[in-house]
Amino acid sequence: MIARIWSGESPLWRLLLPLSWLYGLVSGVIRLSYQLGWQKAWRAPVPVVVVGNLTAGGNGKTPVVIWLVEQLQQRGIRVGVVSRGYGGKAERYPLVLDDRTSTALAGDEPVLIHQRTGAPVAVAPLRSDAVKALLSAHDLQMIVTDDGLQHYKLARDREIVVIDGVRRFGNGWWLPAGPMRERASRLQSVDAVIVNGGVARPGEIPMRLRPGMAVNLLTGERRDVSTFTNVVAMAGIGHPPRFFATLESCGVQPVKTVALADHQALSQADVAALVTADQTLLMTEKDAVKCRDFAAANWWYLPVDAIMADERAQRLLADLATLAQR
């Protein structure tokens, strides 16, 4: 229903317009208060790069963060990541992740980023606290913040916005009548716009998500995903249909698809009930980090990598590497 409202297919968005106007007013006043100096942002002693979005829902932001961190690491840059840690509930903040930190404490995306990149990661409701904790524990040249474009309490040196190239901005209205957190004109003030799928417009960096080999959660075995049959597909991400479409593009026709809420906590009983012994459960890598401690032999996940071959992506990386080495 929400997807139909935000896309403009359902007329119910009109009923939510008063709340959207209020949301837009409040968000605009908050940003203006920082621009005019009424509120002060905390500035880190190292450059901060924000990877965020203008809309609610999955846009492919986490794969971009992983891509960015890995590319900077290949250039010799010591980079750390901070996040709000949605879906996690630690006893105290800030929380600096280690290899044993669970998604129940830190949230699924921070754990995934840490496992994929090996980069230092910290979470806290106040992102400046997470930055301070990282810098106290590690000698870093740059901080990447996963989400937080609208978290103006943390000063930033570069802003990168990720857009779903198919859905873009839906009906264009602020939450809750539409998907917008800020007006589309905000793109004019950011340093780079990355478009996930669809068709990139002039000045935007096109990106696609390339699926890898399916990985068994229990054994680590890798297999071509197209060899699977009798598949149940599970996705607890911002936009589950994207994962299901990816499977179909790989030649997989699931007998059942299960769309879960983003950051939803998962239990062994709940997940096991989705699949029979003769079926294969295929899930996203983001879901897999929540299931590793109780995985079964027929549970697999499909990792994806962000691919950006555009020259503008290379210019962005060169700019960030130069910024980190100042």
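Keep in mind that glycine also has a Cβ here, set from the backbone N, Cα and C atoms.
Database features (Swiss-Prot):
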BINDING   THR55, ALA56, GLY57, GLY58, ASN59, GLY60, LYS61, THR62  ATP binding site
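The highest number of surrounding Cβ atoms within 10 Å, among the binding-site residues GLY57, GLY58, GLY60, is found at GLY60.
Annotated ATP site THR55, ALA56, GLY57, GLY58, ASN59, GLY60, LYS61, THR62; additional same-chain residues within 8 Å of its Cβ mean position, judged by their own Cβ, are ASN53, VAL162, ASP164, GLY238, HIS239. By neighbour count, meaning other C-beta atoms within 10 Å, the densest spot among the binding-site residues THR55, ASN59 is ASN59. Long-range Cβ proximity for LYS61 (ATP binding site), meaning a same-chain Cβ under 8 A and a gap of 6 or more residues, is found for VAL51, GLY52, ASN53, ASP146, ASP147, VAL162.
DSSP classifies LYS61 (ATP binding site) as helix under the three-state reduction. Counting only same-chain residues at least 6 apart in sequence, those with a Cβ under 8 Å from the Cβ of ALA56 (ATP binding site) are LEU175, PRO179, ARG181, GLY238. Contacts of THR62 (ATP binding site) defined by a Cβ separation under 8 A and a same-chain sequence distance of 6+ are given as GLU109, LEU112, ILE113, ASP146, LYS286, in order along the sequence.
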